[in-house]
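Participant: Relevant sequence annotations retrieved from TrEMBL are reproduced here:
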- D176: active site (ACT_SITE)
- E243: active site, proton acceptor (ACT_SITE)
- H174, D209, D272: Zn(2+) 2 binding site (BINDING)
- D209, E244, H533: Zn(2+) 1 binding site (BINDING)
- 291-429: domain 'Peptidase M20 dimerisation' (DOMAIN)
- 1-24: region 'Disordered' (REGION)
Amino acid sequence: MPSKDEPLLGHHAMLSSDGRAKTSPPTNRWLVFAVQFLCMTVGLWNVSGIASRIWAAPIVRVSRTTMCPQQNEIYPRSNLSVKLNDLYNSHGFRVRAVQWLSGAIKVPTESYDEMGPVGVDPRWGVFGELHEYLAVAFPKTHSTLRLTKVNTYALAYHWEGSDGSLKPILLAGHQDVVPVDPDTISAWPYPPYSGYYDGTFIWGRGSADDKSGLIGIFSAIETLIESGFTPRRSVVIASGIDEESAGYRGAGELAIYLEKTYGKDAFAMLVDEGGAITELGGLQVAKPDVAEKGYLDVKIQIATPGGHSTNPHEAHLKRTSPLYSTLLCAAEHAPDMDGHLKQELYKSVKSDRALKQVESIVFNSPDIGDIARALSTTTQAVDFIQGGIKVNALPELATAVVNHRIAIDSSVSELTTRLTQLLEPLAAKHRLDFVSFGRNVSVLPSQNARAFLSGALEPAPISPTDSAAYKLLSGTILATYKESFAGRAPNDRKMIVGPGLAGGNTDTQFYWNLTRNIFRYNHLSEDSFQAIHTVGEAIRATAFVDGIRFFSLLIMNADEAEEL
């Protein structure tokens, strides 16, 4: 294992133990990419121009077994897919697709953190306007599929298949969008709810997150019905109304309804928003997220002047981590990967010593070490501190809220136990009565400290990547890319598929009981959309059409699959 004074990755100035600058050898751009790849949807990483400033490492040929198996493209046997592909490549269909998405963007379905119950808070009423639009825009979908409204505005569509013995597939996309700050409207190139099309981009709040996903599903189904497709395998659409705030009133209610209607583990697979496609060195990599970190807000309240501190959680690279899987994919398919790292990755499949070597190289990388550690452990951030009302008066009550993103191999219980162990000695030192998550840990007179639990969410179960569902998804992604506008470009670039990890949480947090095959994926490349949650949100029209192509192929491929 390299020591702190041994060279790691990259020509970067580093400080040795005596404080003098030293230099390490060339950084491997594939290591940077592996973590960039996982962070793309979390918003943690900005790599503009990074490939151009990082040197490639020596190439070493190593014999090995396949560590990152890739599927071939999967196409439906039906000739319908060929006809649909020609349709999707036509200018006329692109115009129609733009109209579909633009119309949905024009309905400002904003959701807020502090909205009252449906039926009480009038701001929910705008979702009814979106439903009216959907019924007009997609008439065949609404005359063919059975619609159930849950909690008034959450939607469950049922497209009944002819073979009831086949598990349905579940497609999800949320109706709500992040509110637009009125003070920023003048900074938008076009009004945020105009759905304006400039010939390349469709502009507006929700164009990328997530009306392109939801309308992409509807567009695919409408087109399939128009083309005469009838499914063997049932298809269900679930669309929540508050994914951008809490999710409880939308997906939370839908999950209860779907489990009651279909049962536990009743679906073959679920696809919702999530990871996307990124590019490095001419290679396209699609990243369906197979897990999500957990979530926990801890409110620490002290009724006398004082404070607290905690040590960072120790990070470890584990074979069960999607980050490790991504590194294996890079070793398998990147011809310019650093030879030493590649060899250690091959050996790490069985060797714990080699795994520690890989961990040391990755976590000590000056480029991506911090991000890699954050993905591999529980992170914490003090998001809110409050105390006192006057500069010369000690506060009688001080409060801090600490947000945690829980590692996929940890749990809420493990974290609260650790926090109790850290805070209890501090409470004793300052003679505070300490109540930790409802349990009275120590009893002392007068002064008190309390730790409250709120917003707890366990890390998501990791969806298996050796399942028929993952293989079907991978083959469909590759087939979509092969036929897409990007894949047919003159500089035709190879694509691989690798599992990713989501640092944030989607509506899938409520659907764990419905299937073990939960995949969070948007068929979008990183240059096909912009400004999610901020000024100037937009999506390329060609990318939106490719999203429709993806959902069409997924439905048809799942319909023909026998092993799901």
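If you go along the chain as it appears here, the first residue is 1 and each next one adds 1.
A Cβ is built for glycine as well, from the same backbone N, Cα and C atoms used for every other residue.
Quantities reported herein were computed from a predicted structural model and do not represent experimental measurements.
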Participant: Same chain, not part of D209, E244, H533: whose C-beta falls within 8 angstroms of the C-beta centre of the Zn(2+) 1 site? Give them in sequence order.
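Facilitator: Along the chain, the qualifying residues are V177, V178, G206, D210, I532.
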Participant: Pick the one among the binding-site residues H174, H533 whose Cβ has the fewest other Cβ atoms within 10 Å in this structure.
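Facilitator: Sparsest of the binding-site residues H174, H533 by Cβ contacts within 10 Å: H533.
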Participant: Of D209, E244, D272, H533, which is closest to D176 (active site) if I measure between C-alpha atoms? They're all binding-site residues.
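Facilitator: Result: the closest of the binding-site residues to D176 (active site) is E244.
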Participant: If you count, for each of the recorded positions D209, E243, the other Cβ atoms lying within 10 Å of its Cβ, which residue has the minimum?
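Facilitator: Among the recorded positions D209, E243, the lowest count of other Cβ atoms within 10 Å belongs to D209.
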Participant: Whose Cβ lies within 8 Å of the mean position of the Cβ atoms of H174, D209, D272, the Zn(2+) 2 site, other than those residues?
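Facilitator: Neighbours found: A172, G173, D210, G213, L214, G240, E243, E273, T506, D507.
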Participant: Between E244 (Zn(2+) 1 binding site) and D209 (Zn(2+) 2 binding site), what C-alpha distance do you get in Å?
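Facilitator: Checking the Cα atoms of E244 (Zn(2+) 1 binding site) and D209 (Zn(2+) 2 binding site) gives a distance of 10 Å.
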Participant: Looking at the binding-site residues H174, D209, D272, H533, whose Cα is closest in space to that of E243 (active site, proton acceptor)?
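Facilitator: The smallest Cα gap between E243 (active site, proton acceptor) and any of the binding-site residues is with H174.
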Participant: Taking Cα-Cα distance, which of the binding-site residues H174, D209, D272 are within 10 Å of H533 (Zn(2+) 1 binding site)?
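Facilitator: If one measures from the Cα of H533 (Zn(2+) 1 binding site), the binding-site residues that come within 10 Å are D209.
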Participant: Taking each of the recorded positions D176, E244, D272 in turn and counting other Cβ atoms within 10 Å of its Cβ, which one has the fewest?
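Facilitator: So among D176, E244, D272, the recorded positions given, the one with the fewest Cβ atoms within 10 Å is E244.
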